[in-house]
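Heads up, the thing below is written out as structure tokens.
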Amino acid sequence: MASSMRSLFTDHSRYVESFRRFLSNSTEHQCMQEFMDKKLPGIIARIGDIKSEIKILSIGGGAGEIDLQILSKVQAQYPGVHIINEVVEPSAEQITKYKELVAKTSNLENIKFAWHKETSSEYQNRMMEKKELQRWDFIHMIQMLYYVKDIPATLKFFHSLLATNAKILIIIVSGASSWQKLWEKYGSRLPRNDLCQYVTSSDLTQMLDKLGIKYEYYDLLSTMDISDCFIDGNENGDLLWDFLTETCNFNTTAPPDLKAEIMKDLQKPEFSIKKEGKVLFNNSLSFIVVEA
């Protein structure tokens, strides 16, 4: 590995920008929206039974776009019921964006929001110091378990916080996606970091099975348009390269042979499909619903 290569997580602003480019070039949020519309109402059908208020915990809530979709479904299921929505999010920038989104969104009068600038581990430690743990009716962890050091312990802890009829929704890249193939083949040749680990739904279901925790599992197709990655000097492509490889300025710091290998693989059918002149990377998502 060339010494000039460094993890994308060493440059927070570059990471945030590459993540935004990923979202704008992928069907990630559309895929989540489809799940929220078609599956979520059935999943939350009993979480608020005989309750005067519903407590929701968002772990890694980001800028809040998906959180507000979830809240709208809960409101529709339990009209007029008071909702407490607490958000655990380590990025101050994301919390600011979340608050801005709430401020300009209507029909949130029956929801009380609270934000905690901390990681899930910091939240866990803070709660463990308290004598009485808060119980939750719905906990969701959207695309955040990659940033947890001890995933089984995290799953076990948050499962212990579930109230009667409560559920946890976990969204993570599918074991059938191209991310797993990319990580398995090239992970050892890309910069190491302590902040993120390669984990997919395949790993997660094994962990849940080992813990004896019951869950339901759904897979939905999502794609990322990586066509710009094959255009020299394209800024959008450069940022997508960074996101794909979790490497800061991958295009200018990666050894030419490594870049050529990955570029060749990304165009193969096992990684991407070619449609209407676009190269679409398999970004399929898994939705895992954990029961109390």
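Cβ atoms here come from the backbone N, Cα and C positions, even for glycine.
Per Swiss-Prot, these features apply:
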- GLU28, ASN283: substrate binding site (BINDING)
- GLY60, GLU89, GLN94, SER120, ILE142: S-adenosyl-L-methionine binding site (BINDING)
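Overall, the recorded S-adenosyl-L-methionine-binding residues GLY60, GLU89, GLN94, SER120, ILE142 cover a maximum inter-Cα distance of 15 Å. For GLN94 (S-adenosyl-L-methionine binding site), other Cβ atoms within 10 Å of its Cβ number 20. Neighbour counts of Cβ atoms within 10 Å were compared across the binding-site residues SER120, ASN283; the minimum falls on SER120. Ranking the binding-site residues GLU28, GLU89 by other CB atoms within 10 A of the CB puts GLU28 at the bottom. Counting only same-chain residues six or more apart in sequence, the Cβ atoms lying under 8 angstroms from the Cβ of GLY60 (S-adenosyl-L-methionine binding site) belong to VAL88, GLU89, PRO90, SER120, MET141, ILE142, GLN143, MET144, TYR147. In sequence order, SER58, ILE59, GLY61, GLY62, VAL87, VAL88, PRO90, SER91, MET141, MET144 are the same-chain residues whose CB sits within 8 A of the CB centroid of GLY60, GLU89, GLN94, SER120, ILE142, the residues recorded for S-adenosyl-L-methionine being left out. Of all the Cβ atoms in the protein chains shown, 20 others lie within 10 Å of the Cβ of ILE142 (S-adenosyl-L-methionine binding site).
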